[in-house]
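Feature annotations, courtesy of Swiss-Prot:
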{"type": "ACT_SITE", "residues": "209", "note": "active site"}
{"type": "ACT_SITE", "residues": "362", "note": "active site"}
{"type": "BINDING", "residues": "94, 102, 109", "note": "protoporphyrin IX binding site"}
{"type": "BINDING", "residues": "175, 382, 385, 390", "note": "[2Fe-2S] cluster binding site"}
{"type": "TRANSIT", "residues": "1-33", "note": "transit peptide"}
């Protein structure tokens, strides 16, 4: 996978050679290493459960519709008029187009496989780093595909977990992502009308963790080294993150600031070797979102003579459709060819990097040692919050007793 990520193939555009990353989309899902059992399997009942929270992605084309339906029904993510009726209509209408995109990257999302690889590496390290809370077991809790967050909680309860850690896999907090996953945990218990058997705490954000920053910097430097030597210092690094509607930002969502903090630390680690910008991708609909947009930035740089670029997915830790299709195909191939880019590459996602598993283990170990329920930031609602469930969720977690 790493070797394939470093290779490039030329495209000829207007007499110029356009170099784009060569990553075989058709083999992406299969490229994730399988989760292997430990040499000496753990036979004791797990004591500490780490619930790895993320949105997930459809593994098969047949899963796309249900994925979209759950997504458009999520009122923590978006509010639509007559949502229960409109969401099924939108999901049905968009399914063929999204299925086509997934077919271009191998027929499904590899995010579950990469999460399993990361979780496996994390718990192996944790058992030696924190023997007093061992054995540790990771669980995957997705919002929009199986295993759903609620299904993971049931498995944790059935396993007799004593200490449960809700660990967001979004380094930067947003009410639309991490907040939605935490609300799902609260709703699970509220709907059943029972108190948790497990003692819950949360790792709700980690935008500047040193090992996370080191991983990003290492992946960026690897790609920079593959640009022509005479172009290398002029390469513009475009840190691309999923955008957010300005209506959410204006309520006080901390996501833009936390993404910016990650970018700043990464550039400090790189000694500010190159010019850079933070840009935003995946805007949907006509309403205002964060700007500048990734695609518009690529066009604008080309028009101004800056034609060597490195795309960095800074808010994603695993490959999924927004890296493999939107960045790799829509931007690094189609758009770059149209607007005359000379060299464009994409930094590999963190995926199976052993240092990233170490980062996850360090985050959990430090969290356990802190004996804190959550970060101070989580206790503060957005100043103009309009979602009462957020306040109920925060109260649910802050009232936990470790």
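Cβ from N, Cα, C; glycine included.
The closest partner of residue 94 (protoporphyrin IX binding site) among the recorded positions, by CA position, is 175; the full candidate set was 175, 209, 385, 390. Taking CA atoms as the reference points, residue 175 ([2Fe-2S] cluster binding site) and residue 362 (active site) are 25 Å apart.
Checked against residue 385 ([2Fe-2S] cluster binding site), the recorded positions 102, 109, 209 differ in C-alpha distance, with 209 being the nearest. For the recorded protoporphyrin IX site, residues 94, 102, 109 set the reference point as the centre of their Cβ atoms, and the other residues of that chain within 8 Å of it by Cβ are 57, 58, 61, 64, 67, 68, 98, 99, 101, 108, 321.
Note: the CA-CA distance between residue 102 (protoporphyrin IX binding site) and residue 362 (active site) rounds to 34 Å. Taking 109, 209, 362 as the recorded positions under consideration, the smallest Cα distance to residue 382 ([2Fe-2S] cluster binding site) is found for 209. Separating the Cα atoms of residue 362 (active site) and residue 209 (active site) is a whole-number distance of 9 Å.
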